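Trainee: The structure's right below; bear with me while I get my questions together.
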Amino acid sequence: MRSYPAIPRIYAETTLNMLLKRAKKPRVHSIDEYLKDGGYQALEKALNMSPEEIIDWVDKSTLRGRGGAGFPTGKKWKFAVQNPGPRYFICNADESEPGTFKDRIIIERDPHLLIEGIIISSYAIGANEAYIYIRGEYPAGYYILRDAIEEAKKKGFLGKNILGSGFDLEIYVARGAGAYICGEETALIESLEGKRGHPRLKPPYPVQKGLWGKPTVVNNVETIANVPFIISMGWEEYRYIGPSDYAGPKLFPVSGKVKKPGVYELPMNTTLREVIFKYAGGTLGNKKVKAVFSGALDCFSSEELDIPMDYSPLGFGGTGTVIVLTEEDDIVEAALKIAEFYEHETCGQCTPCRVGCYEQANLLEKIYKGEATEQDWEGFDFVNRNIQPTSICGLGAVAGRLIRQTLEKFPEEWEKYRKKSASLPL
């Protein structure tokens, strides 16, 4: 393999030695290193199983999508195979949410784990073509994956009649152009087809009508990387990792005001407090935690640090992204950064999200600068409440959520800004 100097030195730590087993150091692992460590043995085992059996194992493992929604992976695969082929498999590597860099570490350091997972997943759903849609800002990852695919072909793990099984598969890598919205599965499919990355109305869902109008499974990088372990260990043993209903390893990218930012591989019965203080070393300067942002999705206060890092109704959920804010941070300023992110990333397809995200950020900036009138405050509240119920896709559905949560959990901080602008005329 060639040298990839652009690989960042992200700190990685694991208590499970699974997804991050070979990803602790910032370098690419070749196929020979992967094979020495038992790589592609899960594929050999899978090709001696029926596709139906593999889907059943993944379903029984309780593996959930690691891209944010937490939908049961086995159920998604079952829905796909109910529809006649040809079928397609897509790896969603368009990781673009604030503070999220967990998939990157697999792509850039252990690409063959991902490729093995894609081959097994494609075999299970009966797909002969698979696509990796990678974020445009990951140039090293793009070339690493292309080289790794060529390595796998030379060893007989890709192409025609893989390992003499009669199963054929080609994997193609496509680069995004920096649009966060293309992480939404239907917008991703539109982009792959050469169209503008706009989400589709659902139903039909991609498992019914996806790429080129055919049944398509879209799974996240981390989700796919779990598949070889389910096959090699067996679903029963896999379910012993973490809580039985939310089994398997989970990657948590941690950033913000912590001593050891990085990616941590932990079971999902770990608490948010443990992630911050036991693994990430606590806060900088030992300051008090004010809030934790789950990427740009949710806001948790310091009173909620004992929640589990799982997908239960009271769990942390999402992508597992942890952004720590301390008592030194301004919650309104942080909320403004989130509003600006959504303003920049809305695709503009539907009016509620296009106009709503712009107005939300514009009015919030006026609030932050102390220039908001009472009408501005009322307008901000109205816009924030109405983006979600009237938007087409998930981006609009969550564009105001974290900001609303800061209003509810930190009313005293917002009140300070309200008092600043109380003397302004209407």
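Cβ coordinates come from backbone N, Cα and C, glycine included.
Swiss-Prot lists these features:
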BINDING   Gly65, Arg66, Gly67, Gly68, Ala69, Gly70, Phe71, Pro72, Thr73, Gly74  NAD(+) binding site
BINDING   176-223  FMN binding site
BINDING   Cys347, Cys350, Cys353, Cys393  [4Fe-4S] cluster binding site
Trainee: With every protein chain in view, how many other Cβ atoms are within 10 Å of the Cβ of Gly176 (FMN binding site)?
Mentor: 23
Trainee: Are any of Gly67, Ala69, Phe71, Cys182, Arg200, Val218 (the binding-site residues) within 10 Å of Cys347 ([4Fe-4S] cluster binding site) when you go C-alpha to C-alpha, and if so which?
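Mentor: Cys182, listed in sequence order.
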Trainee: If you draw a 10 Å sphere on the Cβ of Cys347 ([4Fe-4S] cluster binding site), how many other Cβ atoms land inside?
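Mentor: A 10 Å sphere around the Cβ of Cys347 ([4Fe-4S] cluster binding site) contains 22 other Cβ atoms.
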Trainee: How many Å separate the Cα atoms of Leu188 (FMN binding site) and Cys393 ([4Fe-4S] cluster binding site)?
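Mentor: Cys393 ([4Fe-4S] cluster binding site) has its Cα 13 Å from the Cα of Leu188 (FMN binding site).
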Trainee: For each of Ala69, Cys182, Cys350, Cys393, count the other CB atoms within 10 A of its CB; which of these binding-site residues has the top count?
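Mentor: Answer returned by the neighbour count: Cys182.
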Trainee: Once the DSSP letters are reduced so that anything not helix or strand counts as coil, what is Pro206 (FMN binding site)?
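Mentor: DSSP assigns Pro206 (FMN binding site) to coil.
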Trainee: Counting Cβ atoms within 10 Å of each candidate's own Cβ, which of the binding-site residues Val218, Cys353 comes out highest?
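Mentor: Within the set of binding-site residues, the most crowded position is Cys353.
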Trainee: Spatially speaking, which of the binding-site residues Cys182, Pro206, Val218 is closest to Gly65 (NAD(+) binding site)? Use C-alpha to C-alpha, please.
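Mentor: Nearest in space to Gly65 (NAD(+) binding site), counting only the binding-site residues, is Val218.
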Trainee: Nearest to Phe71 (NAD(+) binding site) in three-dimensional space, by Cα, is which of the binding-site residues Cys182, Gly194, Val218, Cys353?
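Mentor: That would be Val218, nearest by Cα distance.
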